[in-house]
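Taken verbatim from Swiss-Prot:
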- 93-147: compositional bias 'Basic and acidic residues' (COMPBIAS)
- 157-182: compositional bias 'Basic and acidic residues' (COMPBIAS)
- 194-204: compositional bias 'Basic and acidic residues' (COMPBIAS)
- 212-224: compositional bias 'Basic and acidic residues' (COMPBIAS)
- 236-246: compositional bias 'Basic and acidic residues' (COMPBIAS)
- 254-270: compositional bias 'Basic and acidic residues' (COMPBIAS)
- 342-362: compositional bias 'Polar residues' (COMPBIAS)
- Thr359: pentaglycyl murein peptidoglycan amidated threonine (MOD_RES)
- 93-182: region 'Disordered' (REGION)
- 194-224: region 'Disordered' (REGION)
- 236-271: region 'Disordered' (REGION)
- 326-362: region 'Disordered' (REGION)
- 89-99: repeat 'A-1' (REPEAT)
- 125-135: repeat 'A-2' (REPEAT)
- 154-188: repeat 'C 1' (REPEAT)
- 196-230: repeat 'C 2' (REPEAT)
- 238-272: repeat 'C 3' (REPEAT)
- 305-310: repeat 'D 1' (REPEAT)
- 311-316: repeat 'D 2' (REPEAT)
- 319-324: repeat 'D 3' (REPEAT)
- 326-331: repeat 'D 4' (REPEAT)
- 356-360: motif 'LPXTG sorting signal' (MOTIF)
- 1-41: signal peptide (SIGNAL)
Amino acid sequence: MARKDTNKQYSLRKLKTGTASVAVAVAVLGAGFANQTEVKAAEKKVEAKVEVAENNVSSVARREKELYDQIADLTDKNGEYLERIGELEERQKNLEKLEHQSQVAADKHYQEQAKKHQEYKQEQEERQKNQEQLERKYQREVEKRYQEQLQKQQQLETEKQISEASRKSLSRDLEASREAKKKVEADLAALTAEHQKLKEEKQISDASRQGLSRDLEASREAKKKVEADLAALTAEHQKLKEEKQISDASRQGLSRDLEASREAKKKVEADLAEANSKLQALEKLNKELEEGKKLSEKEKAELQARLEAEAKALKEQLAKQAEELAKLKGNQTPNAKVAPQANRSRSAMTQQKRTLPSTGETANPFFTAAAATVMVSAGMLALKRKEEN
């Protein structure tokens, strides 16, 4: 900055010197022509030249000032460049110093890594020894578990045979029940009854209608119980499926257990479907009895005969079934403790006794003698009311 001020002062001094020279020249010219009046025109020319000279001096002074300004700027830039060069040299020194430090650190790191590698190698050798010991121990454990699973598999085979025998027995009972139902339906179409009995059972019919509603409600509750048992069996089926993945060695035995669980689930679903169909049949028959007042006298007599015959046949057939089921339960009691879990759940569900609120019976809650009696009584009551009206 001081250098720039000095250059500006130098330029002003030169400008003043040039201006003074021009002034002297003008004075000389003016003195030469002062006494010559005839040369006024020439004096004007000189003045014009002086003016031109002054303008030229001003231009030169401005150009000189611009040049000095440029020189000052270049000098400043040169100083900046010198400073940057100094900074770069300092950075170069720092980089060389850092490079040396990095080399020292790299050598130290290499030595540390070599030491760690040696330690790691020793540790791997020790780990290899431990691994061999663990493998021998694992082999012994696998052999032991295999023997245990083999024993469990044999036990499951025995339980499966017992369960299969129980399932076949229940299937025979179910088939016998279905045959009995078909026989009742065939006998119902052929039997006849008396119309006068409707008047004698009027009071029974009044109470029986309410009993029918309670029996229907009990049937619905039984349906819910079957659905709950189905859900429990489904959960148990899922549990058996998850336990199947515990050991590859016991895969075959667990697969058989899973298949047995699926069969039990299908059986429960079939029982539920049958219960639903019977419940719908009861509701349909009840609805037909409600609409019985629209029948003719002949149709009323036929319907009354059918209902009474059905009630009688059902009572006899279901009494026989109750005796057979009691005998079957007595024969199956010693094997109850060894049955597998899936069949135990199904047996408990099928053997569970239920008491109807109207009669206190413990027979099949979906199609009982009491329910048939109620339906017959309700039909008779509807016919009698039609006659009285």
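Note: Cβ is positioned from N, Cα and C throughout, glycine not excepted.
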Residue counts (helix, strand, coil, in that order) that DSSP gives for the repeat 'A-2' (125-135): 11 helix, 0 strand, 0 coil
The repeat 'A-1' (89-99) - residue tally per DSSP class, helix then strand then coil: 11 helix, 0 strand, 0 coil
Predicted model, mean pLDDT over the repeat 'A-1' (89-99): 87
